[in-house]
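Annotation source TrEMBL lists domain 'Major facilitator superfamily (MFS) profile' at 76-517. TrEMBL lists 522-548 with the feature region 'Disordered'. TrEMBL lists 146-165, 177-198, 204-224, 231-253, 259-278 with the feature transmembrane segment.
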Amino acid sequence: MGFEELLEQVGGFGPFQLRNVALLALPRVLLPLHFLLPIFLAAVPAHRCALPGAPANFSHQDVWLEAHLPREPDGTLSSCLRFAYPQALPNTTLGEERQSRGELEDEPATVPCSQGWEYDHSEFSSTIATESQWDLVCEQKGLNRAASTFFFAGVLVGAVAFGYLSDRFGRRRLLLVAYVSTLVLGLASAASVSYVMFAITRTLTGSALAGFTIIVMPLELEWLDVEHRTVAGVLSSTFWTGGVMLLALVGYLIRDWRWLLLAVTLPCAPGILSLWWVPESARWLLTQGHVKEAHRYLLHCARLNGRPVCEDSFSQEAVSKVAAGEQVVRRPSYLDLFRTPRLRHISLCCVVVWFGVNFSYYGLSLDVSGLGLNVYQTQLLFGAVELPSKLLVYLSVRYAGRRLTQAGTLLGTALAFGTRLLVSSDMKSWSTVLAVMGKAFSEAAFTTAYLFTSELYPTVLRQTGMGLTALVGRLGGSLAPLAALLDGVWLSLPKLTYGGIALLAAGTALLLPETRQAQLPETIQDVERKSVPTSLQEEEMPMKQVQN
């Protein structure tokens, strides 16, 4: 008898599992609140050089500003430069006198803003860019983008650490560590007195939040039978979408970055309390030989699900026999993914696909400027469009196949980026439509990637393969904010980069074998012998995990 038979006896889907899904919904909601927080936290409002000495009741403010600030090529007043000396404008009396003497012909000298900046506080009362003594604009704007990169780099490192530690010490204990660490580090970030302190604490917060992405999905699925994993996966993936839309509401209600960071961090406190009712994975307990504790959890599951169990077939001795078969003899290695030719081909292609999926998704999600809506409406719309994209994936993978769906959604993302380059900046409505379409395609690509990748790897290396691709994906997510700085070289270069990488990933996806109506490979030999064996069990379709 194996663990699946034990689970069938106690109930593989019932009140116990539904309660578990509900208790683990909070981490799924918290993830997008933090991952997409830079949209509001690091927003850069309109700004200009601080110009002391301006008359309090100056009736011609625009004229006075033109005397102190140069204009950009697009006709707007400069945000980063001012004239070394106030300029007498041609249409003034002094300007006409100086023009008659030929003093206005030379290009006036400009200097950086030496006395700080004045910000437009109509939309945000405070962000890290406008923080006193930080001023992460103009020459310092790279530090603003780097804050997001530091955060995602922390997620990358944390994913590796929590993956190893949760396998060794258990899912529940490490979930507690993730909750407590996120709460403490989030509070420290909100209280930061310098940019360096903020960057360090946000990086460590990213590492702590990685525990949610690594632990929550296995802890939930390991208590579900095969038949109901798809239903639970669909239900659980909507919590991420709910978090995306909730962020728009929270950002709208709280305009100060410190209070906003506090608002998305404090829910960790009730999350810590909820762990009292979250069960440890019985499957993990059996692999570690903790038979008594696993037996206790299984009996509790049967009691909540209203399943009577036979004491003879469900005694602690019977569970011990199952534990003997579940214990791991040899742990897989990342090197096993590259030892054989076909598995090496799959791994290299999946690495490119996952990098492209994450790079384009976060490149689009973190850039909500240049659209016809304000930042709050855009964020709400970006969240709402994720729901139909999940339905698109569900239908497409069943009828068109995994490979074409993965390539098609990435191609759609690339085309959305490319078409936006051709749309004039004045056509706000078209730009908004293309951005929303791109978000829908990128979300669909993300959802498909989890399904497709898990079916390509054999059972003995499935978690290892998913770990590798998630690691590279986080690298793509950490580089996405930095790519936005390429607008200093050419305004359209960031979108061209995001679209180009997505197009490369789409082409690479076509090199992967199709897995629709194919049996999941169990061993490395299954992968090497044939493309993929026959007759897939759709019930094992894993939907998108929380870590977008």
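Backbone N, Cα and C atoms are what each Cβ position is placed from, and that goes for glycine too.
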Please work out which recorded stretch in 146-165, 177-198, 231-253 has the most C-beta pairs separated by under 8 angstroms from the transmembrane segment (259-278)? 177-198
Should anything in the same chain at least six residues away from the transmembrane segment (177-198) have a Cβ under 8 Å from its Cβ atoms, list it; otherwise answer none. 27, 30, 34, 128, 131, 133-134, 136, 143, 147, 162, 165, 204-205, 207-212, 215, 258-259, 261-262, 264-266, 268-269, 271-272, 275
Per-residue pLDDT averaged over the domain 'Major facilitator superfamily (MFS) profile' (76-517), given as an integer: 82
